[in-house]
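Everything on this sheet refers to the single structure shown next.
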Amino acid sequence: MEAAIVGQRQKSDDESGGDGNNKDSNSIAPSAIAINSKKKQTTKDIVTTQGAQFISESLIGETQTKDLDKPSAVHQRGIVPLCNGLDIIQQSLFGTTVTLCCGILQRLDYASTECQALVLVPTHDLAHETQNVIGVLGQFLSAKAHAFCGGTSAHEDQQILSTGVQVAVGTPCHVLGMLQGRALCPDHIRMFVLDEADEVLRGFKDQIHGIIQFLPTKTQFGFFSASMSHEALEMCRKYMNKPVEIIVPRDEELEGINVKQFYVNVEKEDCKLDKLCGLFDTMEITRSIIFVNTRHHAKSLTEKIRGKGYTVSAIHGGIHQRARDKAVQEFQSGSSRILITTDLRGIDVLRAPAAIFYDLPTQPVCYLRHVQSGQHGRKGVAISFITSTDERVFSTIQKFCNTQIEELPSNVADLL
C-alpha cells in the first residue's frame, strides 16, 4: 500500500505574501504530488538510492553499515522533501529520527559554525539519543550537535554554542528559555524539527508557539510522529507553508518485521531474574538486547546479571557518549553477549537474534520499535515477561500489532 502523500512547491517570497512568512491558518491547501517525482539536484554529492532516497556521498560510508543503503519506506519518503527544503509532516512508526537527522545533515552549511537547525523532543533521553544519532551519522562531515535539556545556566549554554554547535537539540521549556534569555541566537536557524510531534504539541503547545515567534520567516519545518491526532495535525498545518504530508500505513511498516513473538508468565517481579537466566541457559543465545523502562532499572539489572557471571553492557540516556560508544563496541564485537537498554531510539546498529522485554513498554509503539530493533527483515525472536499487572497493556499491544502473541514453547532453542 502506498503512503498517503500531499505536497508543496518550494517556498518563495511571491508565494507567501511578499515576506516569505506564511505560517498561519490561512495557508494554501496542499496539492498532490507523486512520491517518485524527480526534482532537479544541483549539488554534486547527492546521489539516488533505489530511485527514492537522496543521501550524500559523505554519509554513504557511515550509513551502509547501518542498513540505510537499503532504505525503509519511511526513509525513502521523508528524506527527499527535507533535502529539497520543503515543510513536511510525517506520521510513521519507525525511522523518524534517522530520517530527520539525514535531512538536517544535508542541509547544513559546514562553512558556518552558527546554529542552523533546532530539534525539539519531549524527553531528555530522546534529546541525548538524537544528539548521538547526529554525531554518528555526521562524523565524516564534522557536524556538531548538542542536547540542551536543563541543568545549565544561560551562560553555560552560550559557552557550549560558541564552540560551533550547528544543531541544537532540546526540550521545549529549556529551549524557549534559551531564546528568551538570548543564549541561543535564532538568526541563522534554517530548519525547525519536532520529533514525537504529537506528544510535544500536546504537552508544550504554548512553548512551541513561543519558540516559533523567534524563528526566521523562511525557516523550514519538519514535524514527525508515530501518531498524529487531528488537533496536532491542524496545529502543524497552521505553522507550515503547504507542507508535504506523509502517512506510512501501519500494515506496510509491519511487513518488514520477521520476528517470532512470545510471552513468559512471571508470578512476580522478583522472579524475573531467574527466568532470564533460565532462558540464557536453555536457548544458548549468542546475543540479546534486554529492554527495561528506566535508567535506574538498567543500572541495577546490569549489576545483577553481571553478578551471575554473564558479560553485559548497558546504554541509556544517563551515560556519557564515550561510555555509550564503549558499550556498543563491546556488544558488536561479541565481548559482551547482553545489552541492556531503555526506551532509546535512533540508529539501529545493534543486530541480535533475541529481544527480551524484561519490562513491558507502556506504549505499543515502543514495543513495535524494539521488536524490529536490529532485525531489518532478518529472523529473530521477541520474548516478553508478563506479570499480572501487565495484562491490560499486553492486550493493547497485541491489538495494536494485529497479532496474537503465544506463550513461549518448551522447544524454544529450535527457534534461533
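Note: Cβ is positioned from N, Cα and C throughout, glycine not excepted.
Per Swiss-Prot, the feature region 'Disordered' maps to 1-36.
Taken from Swiss-Prot, the feature motif 'Q motif' covers 48-76.
Summarising model confidence by region, the domain 'Helicase ATP-binding' (79-246) averages a pLDDT of 91. The annotation domain 'Helicase ATP-binding' is assigned in Swiss-Prot to 79-246.
Taken from Swiss-Prot, the feature ATP binding site applies to S92, L93, F94, G95, T96, T97, V98, T99, supported by sequence analysis. Its own atom aside, the Cβ of T96 (ATP binding site) has 26 Cβ atoms within 10 angstroms in the protein chains shown. For the recorded site, T96 (ATP binding site), the DSSP three-state label reads helix.
What Swiss-Prot lists as motif 'DEAD box' is 195-198. Beyond the motif 'DEAD box' (195-198), the same-chain residues lying 6 or more positions past its ends with a Cβ under 8 Å from any Cβ of the stretch are 89, 96-97, 100, 119-122, 126, 130, 223-229, 232, 236.
Annotation comment: Swiss-Prot describes 258-416 as domain 'Helicase C-terminal'.
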I'd like to know which of the binding-site residues S92, T97, T99 has the most other Cβ atoms within 10 Å of its Cβ.
T99
Can you break down the motif 'DEAD box' (195-198) into helix, strand and coil residue counts using DSSP?
2 helix, 1 strand, 1 coil
Which of these binding-site residues has the least crowded Cβ, counting other Cβ atoms within 10 Å: L93, F94, G95, V98?
L93
